[in-house]
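> Sharing a structure here in structure tokens format.
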Amino acid sequence: MSGAALGLEIVFVFFLALFLLHRYGDFKKQHRLVIIGTLLAWYLCFLIVFILPLDVSTTIYNRCKLAVNSSPPENNGSYVPLAPSKPKCFKPWSYIPNGIMPIFWRVVYWTSQFLTWILLPFMQSYARSGGFSITGKIKTALIENAIYYGTYLLIFGAFLIYVAVNPNFNLQWNQLQTIGIAAANTWGLFLLVLLLGYGLVEIPRSHWNGAKRGYLLMKTYFKAAKLMTEKADAEENLEDIMEEVRKVNESIKYNHPLRKCVDTILKKCPTEYQERMGRNMDDYEDFDERQNSYPSEKSLVKLHKQVIYSVQRHRRTQVQWQILLEQAFYLEDVAKNETSASRQFVHTFQSQESENKFFQYFYTPTVEWYWECLLRPWFYRVLAVVLATFSVIVVWSECTFFSTKPVLSLFAVFIQLAEKTYNYIYIEMACFLTIFFLSICVYSTVFRIRVFNYYYLASHHQTDAYSLLFSGMLFCRLTPPLCLNFLGLTHMDATISHKHTQPTAYTSIMGSMRVLSFIADGFYIYYPMLVVILCIATYFSLGTRCLNLLGFQQFMGDSEMTSDLIDEGKELIRREKRKRQRQEEGENRRREWKERYGNREDSTRSRAVHTDQKESSFSETNTNRPLSKYTRSNGRTERDRIELLQDAEPLDFNADTVNDDPLESESGR
């Protein structure tokens, strides 16, 4: 089993990252480089979280071997091994051979740092650029990132000059590398505590509120009112941009040098606008530079960028509106079915998506009623209590993990108890649950936050390329300090435990933080205590109240604006519900009409076909008989058919004779 656990987790984490990216991104429409860059960033960050427990168990086993094989410490000994509780160390099932983990961590860490500080910012500017060629997009991305890269180079250069001039500093390359890692982790820890303080409170509270049907329904009405406003704004913005595109399309003719740029812009427009502009286009009119003023290439680049943004926003609001309608209808169905005596879940509208037959076989209406109306609220309450307990343990450990005698961090206590008995499965499970909960609190906040329309992760393939790349940057910057914080909570970091024991492979890659003592002994220890203040602020919704005062509508139960938006959303949902009911009633009437009269129509068609066959067979038999007897009657029938198709001609009253059938008279002659 040596190395098998590492290989299995590498494969599992890859498919996990691929699944999440497929949920938020669009593989068909977005650029391949954007998909690959985001997938690689997410994959490396998730991989660090899943592999770190294996590193901890392997380190504990290596410490045990050193403790057994090492001689007793001398009086002035600088190395104090852990005293084993058993004479023999048992190798864990997930043991990773020596030499693999340092190389693995080095590759993963420096690749993620290259992505977050160099490649992903460049790809952000490239993806959002409105250039019409690869060279133009690269030029725009370099110009936009010149200030970004120049600032870091300026700070790093000033630091190097200070170190070279000051004789008290004698830093080597390894120490400079450690200082760079410490600077990146300090920035990440600053953001980590902010996101962690929000997630520790909001995740348990959201699950507790998830058990309240009335609360969820009111919040859905509130979201519907806000989303309708955003949807109308997106439609209006798209109309304005399409009007500018129409003017540019009419002014720049087929033989203009910038016509290719206009065609590229038209391809990004919705189909209905393309057809409308194509009908109004006159390709036979040449352009005249002296007669009209034409837009420049720079203005077309700006227009191209606006078209991409407005189309993406319009599509996203349309999809989100349909999803929100389904959610509102379902919550209303749950509220109605709670008082059902038959204990079978009845849907107002059938699901538009085809469900799996295997799932339908087990998830019957009765099972659905028991789950939605009875079991699910209690399940969410129990889960909320468990998550709240974990949050309290994390907050307590964040405030006390620097204490080694006595050990106050509960996570460190759990790991040390398991370390005495060398229960590696318990150690790995405890480490995995701890770091997994911390990751959920941080990463879920990254998925929830929204910075206007600048950064927003929308599910159902509605996230733009800029937001995907920005999320990859955040993950790569938050994951290393998150892992260091986890090692500090469990006292696996020698900087925190103050023990001269073998460090984990991950800590050895980070380097000794003793190079910067004010960061190792100050910021890393006392700054995480700020999470208590952030948790209190999140519990009393201070941030939500501040945003509400600034004019950004937030869901607050005691606000008059919230009540007005809830009423507005309820009316919007009721209107959409009536509209869908009328559509379904019309479809049902057409279906019933087809089922009722479809057989009659089929039988009528069959009788008509049978009659035609009889007539054709009768005509065939007549052709074999002498035609002289029936020549006049057949000719008259044919002339009657011709008369029905001809226009009536005026009669000549001056003629000698009036013949009813001019064709017959002609045949008589």
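Placement of Cβ uses the backbone N, Cα and C atoms for every residue, glycine included.
This is the feature table in TrEMBL:
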TRANSMEM  6-21  transmembrane segment
TRANSMEM  33-52  transmembrane segment
TRANSMEM  103-126  transmembrane segment
TRANSMEM  146-165  transmembrane segment
TRANSMEM  177-201  transmembrane segment
COILED    224-251  coiled coil
TRANSMEM  378-396  transmembrane segment
TRANSMEM  425-446  transmembrane segment
TRANSMEM  466-489  transmembrane segment
TRANSMEM  523-542  transmembrane segment
REGION    576-669  region 'Disordered'
COMPBIAS  582-617  compositional bias 'Basic and acidic residues'
COMPBIAS  618-634  compositional bias 'Polar residues'
COMPBIAS  635-644  compositional bias 'Basic and acidic residues'
COMPBIAS  658-669  compositional bias 'Acidic residues'
> Are the transmembrane segment (425-446) and the transmembrane segment (523-542) near each other by the rule of at least 3 C-beta pairs under 8 angstroms (pairs 6 or more apart)?
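Checked: the transmembrane segment (523-542) vs the transmembrane segment (425-446), no contact.
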> Of the stretches 33-52, 103-126, 177-201, 378-396, which racks up the most C-beta pairs under 8 Å with the transmembrane segment (466-489)?
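By Cβ pairs under 8 Å, 33-52 leads among 33-52, 103-126, 177-201, 378-396.
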> Can you give the mean pLDDT for the coiled coil (224-251), rounded to a whole number?
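Result for the coiled coil (224-251): average pLDDT 93.
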